[in-house]
Amino acid sequence: MARFIFITGGVVSSLGKGLASAALGALLQARGFSVRLRKLDPYLNVDPGTMSPFEHGEVFVTDDGAETDLDLGHYERFTGVPASKTDSISSGRIYTNVLEKERRGDYLGKTIQVIPHVTNEIKDFINIGEDDVDFMLCEIGGTVGDIEGLPFFEAIRQFSQDKARGQCIFMHLTLLPFIKASGELKTKPTQHSVKELRSIGLAPDILVCRSEGPIPEKEREKLALFCNVRPDSVIAAQDLSSIYTAPLAYHREGLDQAVLDAFGITPAPKPNLSIWEDVADRINNPEGVVKVAIVGKYTQLEDAYKSIAEALTHGGMANRVKVEIEWVDAETFEREDPAPHLQGFHAILVPGGFGERGTEGKIKAAEFARTRKVPYLGICLGMQMAVIEAARNLAQLDDAGSEEFDHEAGKKRFTPVVYHLKEWVQGNHKVERKVGDDKGGTMRLGAYDAVLTEGSRVAEAYGTTAIEERHRHRYEVDTKYRDALEEKGLIFSGMSPDGALPEIVEVKDHPWFIGVQFHPELKSKPFEPHPLFRDFVRAAKENSRLV
């Protein structure tokens, strides 16, 4: 039976609850325990799948096709435990479930209320799989005091009462601001945050305090006194140069020991942190630097491409180099020469995205990489842009484009080498879609198999010809142009098992030019870099010696 750790936040948002949860999960694993991490988001969207990247950051897709919060990416990267649909939920999904049950008559005519019906739905979600792991870590999104979060805070209060004494603990993450004028860390915001938490029936067992530096003993004792926690349960979460040193930093602060003490687990198994020591060594001691341009649409918000940035870091670790990322707005050279914007980079990556804005710039970036022999990785839309570029400039199909852009404009302007995907095979059944369907949850989502061409660069990278990768797209490259493109050197080196859907293209006689329809960044980890990112950074490293 699992022990439950509820992670809440106060004072301000974006303090790093997700990272703290992920790091704690990794530390518990290092002591031999099994863990599962969950995110409960109070927003009213059913899931983040239709939210703007500027609003929410990236959407993290699981093997079973759930569109989830980017924090689940941190959970997977730090613990290696694949997330699923049962690891992410929102108020929107909770209320949808409750209302569907009411329509079916499941509540037998009762008046539907937040308590008990909504809170029971939340508790039922938390309980899923409780017998499968030693520890269940549940992060509540937002901050204490948010109106949207009240049903979740009430639900976890009830949940802790429903369970046996000592089966649940609460970890509260707050901010300790440093006032330069007085040279002091201020504890008052944390005291008020804990006061707010206690007013709704929750008392923290552990305080994790985000700060620029260490917490002096005087302030630690003050927090312990006024927030009613043990001094050794006041944990400093200091600013770090890399998130991947967080497990070691939290261990030095005693977070994992404080958790085990709160549960009364003695003697505590000793941790094996060798994996994280190796990760920290690779991060802190690079043997070179490579510069990678990410040519995208949402470059003003780096969280929109969070997993890509992390996967590049993992590729750098594998090659003992630091990857310096430059965010390049694809719109800046839609109507001008891309060379001044892209010269000097050792590799170019074009990520996924939606809509026509910026696509001509991405096509130019693909052309620049192909003609200048610069390593190129195109992901999802980035692969489609590479195919359109090759169709226009190699296969003489001057008006090559995507149906997506025609649908957006409301008129036909392009020969669609990329078309709206209307059917595909998922497991043992066929999925059908049409233009005009609801946006939410209707893409080709989750893990799908692909078959690679023997002797291809991608088969060499993976070390096999059978792979499984995660997808999130509704447009696909049309195979009827395959022969014409392969004749000109754009090889279709990966296909769906039925041969209907192109999964990977690569350019013949190029140092490293690969486009993939899937999202390899979603499966990369610091201790297990994805083979495509490993080899992409290796190619950038080789190119750095030539530039």
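In case you wondered, yes, glycine gets a Cβ from its N, Cα and C as well.
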Per Swiss-Prot, member of Glu326, Glu331, Glu404, Glu454 binding L-glutamine alongside Gly353, Leu381, Gly382, Met383, Gln384, Arg474:
Glu404
ATP binding, same site as Ser14, Leu15, Gly16, Lys17, Gly18, Leu19 - Swiss-Prot member from Asp71, Asp87, Asp106, Asp124:
Asp71
The record lists Ser13, Lys186, Thr187, Lys188, Pro189, Thr190, Gln191, Lys222 as binding UTP. What's the largest Cα to Cα distance among them, in Å, rounded to a whole number?
23
CB contacts for Asp71 (ATP binding site) [other CB atoms within 10 A, all chains]:
26
I'd like to know which of the binding-site residues Gly16, Lys186, Leu381 sit within 10 A of Glu139 (Mg(2+) binding site) at the Cα level.
none
Please report the number of other Cβ atoms within 10 Å of the Cβ of Ser13 (UTP binding site).
12
DSSP-derived class (H/G/I helix, E/B strand, else coil) of Lys17 (ATP binding site):
helix
Using the Cβ centroid of Ser14, Leu15, Gly16, Lys17, Gly18, Leu19, Asp71 as the reference point for the ATP site, which residues of the same chain not in that list have Cβ within 8 Å?
Gly9, Ala20, Ser21, His74, Glu139, Leu173
Of Ser14, Leu15, Lys186, Lys222, Gly353, His519, i.e. the recorded positions, those within 10 Å of Cys380 (active site, nucleophile) when Cα atoms are compared:
Gly353, His519
